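Peer 1: Below you will find the structure I want to go over with you.
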C-alpha cells in the first residue's frame with residue numbers, strides 16, 4: 001500500500017484546492033465536487049473493508065444513514081450544534097457496527113453480503129416506518145455547520161473546503177492505518193486466515209475492525225451530507241445507494257486508496273452528465289443512468305476486474321508505485337524471550353488421535369521434541385503428517401490425547417493462543433499475502449511483539465514500536481539470506497525463495513520452536529544446503545525444530561531423531577541410521593521385499 | 001439555491017399502500033382484535049404469498065447449485081411477467097417485446113464473440129436462430145395476437161413466451177463469460193444486472209402499476225373462511241410445479257445431468273455434461289419459474305416495474321435459510337416467511353419488511369455456528 005504522499009496525490013490535492021479559485025467556475029461544479037468528497041469517504045471505507053480485508057458489504061449506505069440521522073435528530077430536536085454531533089455520530093455508528101459485525105462477520109463466504117442486504121433493507125423500512133425518524137417524509141430543517149459566527153454554507157466554497165479537509169485527513173489516516181501493525185493484520189486476512197492466526201493475529205477481530213472503520217467513515221460522510229442537504233429521508237440510504245458506493249470503489253480500483261476517490265469522481269460526474277444528456281437522446285424520462293451503471297459494472301467485471309487505478313498507475317509509471325517506505329536501519333533488538341535450557345522438553349505429544357467420521361487419520365501418536373533438537377516427521381503420502389501438524393498447532397481440535405508445550409497442556413487451544421507461547425510454523429502450500437513486500441510479510445511474524453492499536457497506528461504514535469518490529473523482521477530476512485529482496489513483492493519470488501520468506505516470518509516471531517512443513521520442496525541443491533546450515537544454526541541457538549519432509553537425503557543428514565508414520569499410526573522412532581535399517585520402514589516405503 | 005438532483009436513486013418503493021403484498025386483508029381487519037376467523041384469513045394470505053416465495057426460492061436454489069449464481073434479478077422476472085400479462089390483457093403491445101429483441105441482439109454479439117475462434121456455419125445459424133430469429137418470431141406472434149384480445153390461457157402462454165427467454169440471453173451475455181469467477185463476483189454482477197433491469201423496466205413499462213383479472217373467479221366456503229379461486233389456483237400451480245420439478249430431476253436424463261453438475265461441477269464435466277448446457281438450461285428454467293410467479297401474483301396485488309425485487313428477496317430469504325442447497329427446507333422456509341409476513345402486517349404493518357428481513361439473521365447465525373473460518377476461501 002502506497003503512502004499518502006506521492007506526486008500524483010499532491011497534484012490532485014492542489015487541483016482540488018484551486019478549483020473554487022478559478023474564475024468562472026459555476027457553483028454547480030463546486031457542489032458536484034463536494035458530492036464527490038462525500039461518496040469518496042464512503043468508498044475509502046470500502047477500500048479498507050472489501051479491497052484490503054476482503055469483506056463484501058452491500059450495506060454501507062445504512063452506515064451513512066446512521067451518521068445522517070444521528071445529527072439530524074440531535075440538531076433539530078435537542079438543539080445541539082452540528083460539530084458536537086460528529087463524535088456522537090461516530091460513537092453510535094461504531095458501536096452499532098461493532099454489534100452488527102459481531103453477528104454478521106461470523107458468516108462465511110456469500111452469506112455475509114447477503115446479510116448486509118438484509119440489514120440495509122431493514123434499516124430503510126425502519127426509518128421509513130417509525131415516527132421517531134419522521135417516516136418517509138424525513139427530517140428537515142437541519143441547521144448548517146457553524147463555528148462561532150462563521151457558517152459553512154451548502155454549495156459554497158467554505159463547505160467544499162471543509163469536505164476537502166476531512167477527505168484529506170481521512171486519506172492520511174487510512175494510509176497510516178494500513179501501514180501499521182493493525183493494518184498489516186487486516187491485510188493478512190487475504191493471504192490466508194490460517195497463516196495470520198498462526199502468528200497470533202485474531203482474524204475475527206481484524207475483520208470487525210475493518211468493518212467498524214468503514215462504517216465510521218460512512219457515518220462521517222452521512223454527517224456531512226445531512227448538513228449539506230439540510231433535510232434527509234430514507235431513500236439516499238437504501239440498498240441502491242449501497243450498491244452505488246460499491247460501484248465507485250470497484251470502478252476506481254478496490255485495492256487502492258486513490259481508487260476510491262477516482263471512482264467516486266468518475267461515477268458522480270458521469271451520472272450528472274448522463275442525467276442531463278440521456279433523456280434528451282432518448283426522448284423520454286427514466287432512470288437511464290441506473291441502466292448504464294448496471295451494465296458498466298458488469299463490463300468492469302468482465303474486462304477489468306482490477307478497476308481503473310492500475311491502468312492509471314501504468315501510465316504514471318514509477319511516480320506512484322506502491323512500495324513500502326524505506327525505514328532507518330537499526331540493530332536487531334534483543335530476543336523477545338530466552339530459549340529454554342538445551343535438552344528440556346519443548347513439545348510433548350501423547351496418545352494423539354484424530355478421527356473424521358469412521359476414518360482414523362491420526363492413531364495414538366506420541367513423541368517429544370527437546371530444545372536444541374531437530375526431529376523429522378516422515379512417512380508416505382496420506383500417513384497423517386499434516387494432520388498431526390494441524391493438531392499440534394491448534395488448527396483443528398484433536399479427538400483425544402494430549403499436547404504439551406513447555407510443560408503446559410495446550411490441546412483445545414486456538415492456534416493464535418499457542419503462538420503466544422513461542423510456536424511458529426511454515427506451510428506446505430506457501431501462504432504469503434499477495435501484493436505485499438517481503439519485509440511487510442515477514443513483519444507479520446513479529447505481530448505478537450507489538451501492542452499498538454488502530455488509533456495509535458492511524459495517528460503514527462507507533463513509530464518506536466514499528467522500528468523494533470521492522471528491525472526484527474530485517475534480521476530474520478538477513479538470516480535466511482534474502483536481504484536484497486526486502487522490498488520485492490513476496491509472491492513474485494521463486495517458490496523456493498517464498499519458502500524462505502515463510503521461514504523468515506517464523507523467525508521474526510522469535511520462537512522457542514519452529515514447525516516446518518516441507519521446507520526443502522522446490523529448493524535447488526545450493527539452497528537446500530544453505531537451508532540445512534540455517535536449521536543447524538537454529539539448533540545451536542537452542543530452538544526446537546520439527547519438520548515434515550520428503551527429501552530423504554535432506555532429512556537423514558540433518559535430523560537428530562525421526563518419527564515415521566504410516567496410515568495414521570506410528571511405524572518407528574529413532575536415530576536416522578536406525579530408521580534406515582528398520583525393516584518395517586523399508587517395507588512401507590519400498591513395498592515388501594518378498 | 002437549488003441543488004442538483006444528485007443521489008437520485010431508483011429508491012425502493014415506499015409510499016403507503018404500495019407494498020408488494022396484499023394490502024386488502026389488513027385494511028379490512030384494521031382495528032379488530034385477532035380472533036380465529038382473522039387468523040385464518042391471515043394464514044390463508046400468508047400461505048398464498050408463501051407459495052410464490054417458494055417457487056422463487058426453488059428457482060434460486062436450482063440456479064445456485066448448478067451455476068453458483070445468486071440470481072438477484074429473478075425479481076425482475078416477476079415484475080416483467082406480471083406487467084406483460086397486464087399489457088396483453090389491456091390489448092397493448094407489452095414493452096417486453098423490445099427487451100426481448102435487445103437482449104437477443106446482445107446475446108448474439110456475446111455468443112459470436114465467445115465462439116470467434118471456431119465460427120462454423122452451424123454455429124452462425126444456431127446462434128442467429130436462437131438470438132435473432134426466435135425473438136423476432138415471438139414478437140411477430142404477439143403483434144398478430146395481441147390486438148385480438150385472445151382468451152386468458154393464450155395471454156398467459158404469450159407472457160411466458162416473451163419473458164422467459166430473457167433468462168437465456170442474460171446467461172449468454174452476462175454470466176457465461178465469467179462462469180468461472182468467484183461466487184462473490186457473480187453476486188456483485190447479479191446485483192448490477194438487477195439495477196440495470198429495474199431501470200429498463202421503468203423505461204419499457206412506465207411508472208404505472210397494473211393488476212390483472214383473477215385466473216379463477218370461483219370461491220370456496222370452508223366454515224367461516226372463504227377461500228378464493230385465485231388462492232387455490234396459486235397453490236395448485238405451485239404444487240404441480242414442485243411435483244414436476246421433482247419428476248424432472250429424478251426421472252429425466254437432463255434433470256440427472258443438472259443434479260450431477262450441482263453435486264460436482266468438475267466431475268460432471270469429466271463425464272461429458274457441458275457446463276454451458278447446464279447453465280443455459282438452469283437459467284431458462286429459473287426465468288420460466290420467475291415469470292410464472294409474476295403471473296400468479298399479478299391478480300393479487302398491484303405490480304410495478306420494481307415490485308419484483310422485494311418479492312424476489314423474500315424468496316431469497318427462504319432459499320438462504322435452506323442454505324441455497326436444500327429444496328425442502330427452502331420451501332418450508334418460504335411458508336414461514338409468508339406466514340410471518342402476513343401476521344406482521346396485522347400487528348405492525350409499518351415494520352412488516354423489517355421483521356421479515358430480520359428473520360434471516362438468527363437463521364444465518366445458527367447456520368454459521370461452529371463454522372470457524374480457518375481454512376481459506378476461494
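Each Cβ is built from the backbone N, Cα and C atoms, and glycine gets one as well.
Whatever TrEMBL says is automated annotation, not expert-curated.
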Peer 1: Out of B:227-249, B:319-341, which range is noted as transmembrane segment by TrEMBL?
Peer 2: B:227-249
Peer 1: Do you know which of B:8-32, B:183-207 TrEMBL annotates as transmembrane segment?
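Peer 2: That would be B:183-207, per the transmembrane segment entry in TrEMBL.
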Peer 1: Find the member of B:50-75, B:95-115, B:127-146 that has more C-beta pairs under 8 Å to the transmembrane segment (B:227-249) than any other listed stretch.
Peer 2: B:50-75
Peer 1: To the transmembrane segment (B:50-75), which of B:95-115, B:127-146, B:152-171, B:183-207 is linked by the most Cβ pairs under 8 Å?
Peer 2: B:183-207
Peer 1: Counting only residues 6 or more past its boundaries, what in the same chain has a CB within less than 8 Å of a CB in the transmembrane segment (B:95-115)?
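Peer 2: Residues 80, 83-84, 87, 123-124, 127-128, 130-132, 134-136, 138-139, 142-143, 159, 162-163, 165-166, 168-170, 172-173, 176-177, 200, 203-206.
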